[in-house]
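Asks: Residues or ranges marked as DNA-binding region by TrEMBL: A:124-224. What TrEMBL lists as domain 'Response regulatory' is A:2-116. The domain 'OmpR/PhoB-type' annotation in TrEMBL covers A:124-224. Residues annotated as 4-aspartylphosphate in TrEMBL: A:Asp51.
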Amino acid sequence: MKILIIEDELGLQRSIVQYLMAEGNLCSMASTYAEALERLAVYDYDCILLDLTLPDGEGLQLLNYLKRMNKTEGVIIISARNSIEQKIEGLSLGADDYLIKPFHLSELNARILAVVRRKSAHGERHIEFNEIRIDLDAKEVIVNGKVVYMTKKEFDLLLYFVANKGKVISKSAAVEHIWGDDSDMADSFDFIYTHIKNIRKKLIDAGSKDYFHSVYGVGYKFTDI
Amino acid sequence: MRLFTRYNQILLIISLFGLLIIGILFYRMLVFYLDRQIDHDLVEEIMEVKEYSDKNSFYKPHEFEDLIVQYKKIKQARLLSIYADTVFYNPVKHRTESARYLKTEFEIVGQPYQVLVIASKFERQEQIRNICLIILLPVMLLFGLVLLVNRILLKKIWNPFEQLLKNITAFNISQENPYKSVDMPIMEFRQLNQVLVELSGKVKSDYDEIKLFTENASHEMMTPLAVINSKLDNMLQSNVLGKDDGETLVELYKATSRLTKLNQSLLLLVKIDNNLLQDEEKIHLKSLIEEKTVYFQELISERNLILDSALADVTIAASRQLLEILINNLFSNVIRHNYDGGMIEIRLNAEKIVFSNTGHNKALDPEKIFDRFYKDNSSEGTGLGLAILKQICNRQHYLLEYSYHHDLHTFTIKFNK
């Protein structure tokens, strides 16, 4: 996938690039409004990550530009401002998602995949990983043709891990993914273990291999190696 | 004590003392002058006696004159005249009366005599009493009138001041009630009002500035936090980390997550304060609580907590966002401060929501628990959860109370304050 990262904080920009390149994506970077405009005019991307506060302009203007040019790239706004108004404004100007800083790279990656999937013409509504098949519309997990019953949180968590397959996901990222940020419980990481244990058990019971690996006690990796 | 009362009290005491002293002085003067007059009469009587003595006879006063003259033979006449008060038997009126006498000695018809002239003071005393009454009555009347006028006038003059007091009391910085200026004719009050207008304006602008500062500071911190978070995520992908590194990463993730949470909570407080979340709608509280019960299910069962809830069908009009945060925080609180295998009780009826939980702590200080950053040492939270709760209740005009009995920490929210 070709991804454009418009972000003026270079530290963050480099981290995102490093993470996404490892996933096999092609990344270009822009740290100013002018630079971003230049790239958008010349190239097409699958997904654009857009920081709203740029040193020389408002990120929202770039959304207007994309609209005028009839470009259909998926756009994810990444902003430090957690305001409903800005979120609504961004989404109504054509952004596909709104991610609030600070975020985990695994979360960003999952969102990118979701946006690109939604945008793609074929609109694949299921994801496969070896013998596991995840139906996004029915919100069902099917292993070897059998439906495995999962709670909403378990389903979301599995999807999250599959989207970031081969990557280590920290407990912190997993907690934030299923709990959002409106609970005051995000600092209690350990119960995520229970969730993973349940998902694991259900998958193995249905005949799947065990793909979850605990890493350094920090997090988990979903991989078939 | 009210200002009127104090003022009237002092006025009354001083006036009474003043009147008393003036009254006594006035009376003494009056008595003195009237005595002088009687003395003068007495001297005239003596002159008469001397005139009669020149004609070789003894003077006898008329009966209606309330006056007697007594002669007493003595060996030798000295040159003296003594005035003094006495009582005498009035032979005309047949009663004892207070009187004044003049005692003198001279020769009558060649013989030395002591002559005593006694005059009744009765008439004069009557006169004094009448004069006093004539003066006292109008003075008392005037005095009463002054008090009354004072009262009415003071009340009228201080009226705007009372209004001013009311307006200061109503002034509330966090609920956007500005100080309402009062229009006043009195210069001093006008100055006070002016000072209050300026002061409240200054307080308000300082407060806004602090809010803005908190907001900006928290926002500014989000980007560096995003950098830290993303660097940690990348570091985690490395294949060369040891066990110690893993533990370090866990700690770093925890600290970053807490810092993020703290920042978000501060921003949320400012947002609630700025009234940014006020999308009022009808909310079915029972389903909201049930939804959140599912949301927190894993946390509850992870700690083997027993949940006992009795929910009535209650619908209220409120901001959905605020109510969700409210219920979230209540849940987080009863789970976090519980012990494994403890109890959670949730009650909902048309008047109130009640969340109770067992916990290690004894009763908490109800004055302090809603303060920002108040928490016990064992708490892993931000110390802002309850402050947010309080802020939301203030915003929605709910009454939030904490109590502790039967080993249960209880948070009660009453909808109608």
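Yeah, the Cβs are placed from backbone N, Cα and C, and that goes for glycine too.
In TrEMBL, annotation is done automatically, which means it is predicted and not curated.
Tell me about the setting of these features in this model.
Replies: Sorting the domain 'Response regulatory' (A:2-116) by DSSP state (H, G, I as helix; E, B as strand; all else coil) yields 54 helix, 29 strand, 32 coil.
Note: the domain 'OmpR/PhoB-type' (A:124-224) comprises 35 helix, 26 strand, 40 coil (DSSP; helix = H, G, I, strand = E, B).
Spatially close to A:Asp51 (4-aspartylphosphate) yet at least six residues away along the chain are A:Ile6, A:Glu7, A:Asp8, A:Glu9, A:Gly59, A:Ile77, A:Ile78, A:Ser79, judged by Cβ distances under 8 angstroms.
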